[in-house]
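Written out below as structure tokens is the structure these notes cover.
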Amino acid sequence: MAQCVVAVDGPSGSGKSTVSRRLAQALDACYLDTGAMYRAATWAVLLAEVDLADQESIFKVVIDTEIIIGIDPAQQAVEVNGTAVNAEIRGPQVTAAVSAVSAVPMVRQLLVSRQREIIASAQRIVVEGRDIGMVVAPHADLKVYLTASVDERARRRSSETDADHAATAQDLARRDHLDSTRATDPLRKAPDALVIDSTQMDIDEVVATLRELLNN
Ligand code: C5P
């Protein structure tokens, strides 16, 4: 059977994770959350108390860190040097620092090559991130660019985290800006990606649209 790779890119809070996980479950496929890998690397960097402006030291920490990421859509395991960090990597400190760590070209090179290995080992896989269609899996069978208005994305995020709407919107706009203006592999829509604006759609509708496109 031919391999099937689905690439889902888009800004923070666009619903990528929920859509990708549900789609993977529906397709009986694996699920790779590349953002969790950058977050895990960031957690290790914060623990090492490295200056976030010192790219060389950041890379040294990341290359010496063992990051294990599960690809089961039903229960995503994330471990850093043998410690489970699922909750920690979603905290405000990691969220505030992750764009700086993920902007380091050597860190990206390292994690992109690990992501390609994971993808190659799977028969069917849904991969979500910022650079999947453009860099990590340019030959994906389906590329989706999922987006939504900043206001709607902030509404979704703040309902998940109980954080203030205005502060969440500000943080999303800050990360969108950093992620789309960095020099290496910025957030960009692949020319052959299908754009889905989910501002007015619910998750089930988005998943159903993608399943139709995949004839599944
Ligand atoms: O998707 P999530 O919000 O968890 O991603 C966290 C951060 O990881 C993003 O803001 C971005 O800086 C970085 N990231 C990236 N490339 C990816 C996935 C995530 O740079 N493929």
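Backbone N, Cα and C define each Cβ position, glycine as well.
Features as listed in TrEMBL:
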| type | residues | note |
| --- | --- | --- |
| DOMAIN | 6-214 | domain 'Cytidylate kinase' |
| BINDING | G10, P11, S12, G13, S14, G15, K16, S17, T18 | ATP binding site |
| REGION | 153-185 | region 'Disordered' |
| COMPBIAS | 153-165 | compositional bias 'Basic and acidic residues' |
| COMPBIAS | 172-185 | compositional bias 'Basic and acidic residues' |
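This view paints the features noted in TrEMBL onto the structure.
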residue: G10; record: ATP binding site; Cβ contacts under 8 Å, 6 or more apart: K16, R130, V144, Y145, L146, T147, L187
residue: S12; record: ATP binding site; Cβ contacts under 8 Å, 6 or more apart: R153, R157, L172, R175, D176, D179
residue: S14; record: ATP binding site; Cβ contacts under 8 Å, 6 or more apart: L146, T147, A148, R153, S198
residue: T18; record: ATP binding site; Cβ contacts under 8 Å, 6 or more apart: I203
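Residues G10, P11, S12, G13, S14, G15, K16, S17, T18 make up the record's ATP site, and a Cβ search at 8 Å around their centroid adds V19, L146, A148, R153 from the same chain.
Only S12, in sequence order, out of the binding-site residues G10, S12, S14, T18 have a CB under 6 Å from ligand 1.
Under the DSSP three-state reduction, S14 (ATP binding site) is assigned to coil, being neither helix nor strand. Just so you know, the Cβ of K16 (ATP binding site) picks up 26 other Cβ atoms within 10 Å once every protein chain is counted. In this model, the domain 'Cytidylate kinase' (6-214) carries an average pLDDT of 95. Residue counts for the compositional bias 'Basic and acidic residues' (153-165) under DSSP, helix first, then strand, then coil, are 10 helix, 0 strand, 3 coil.
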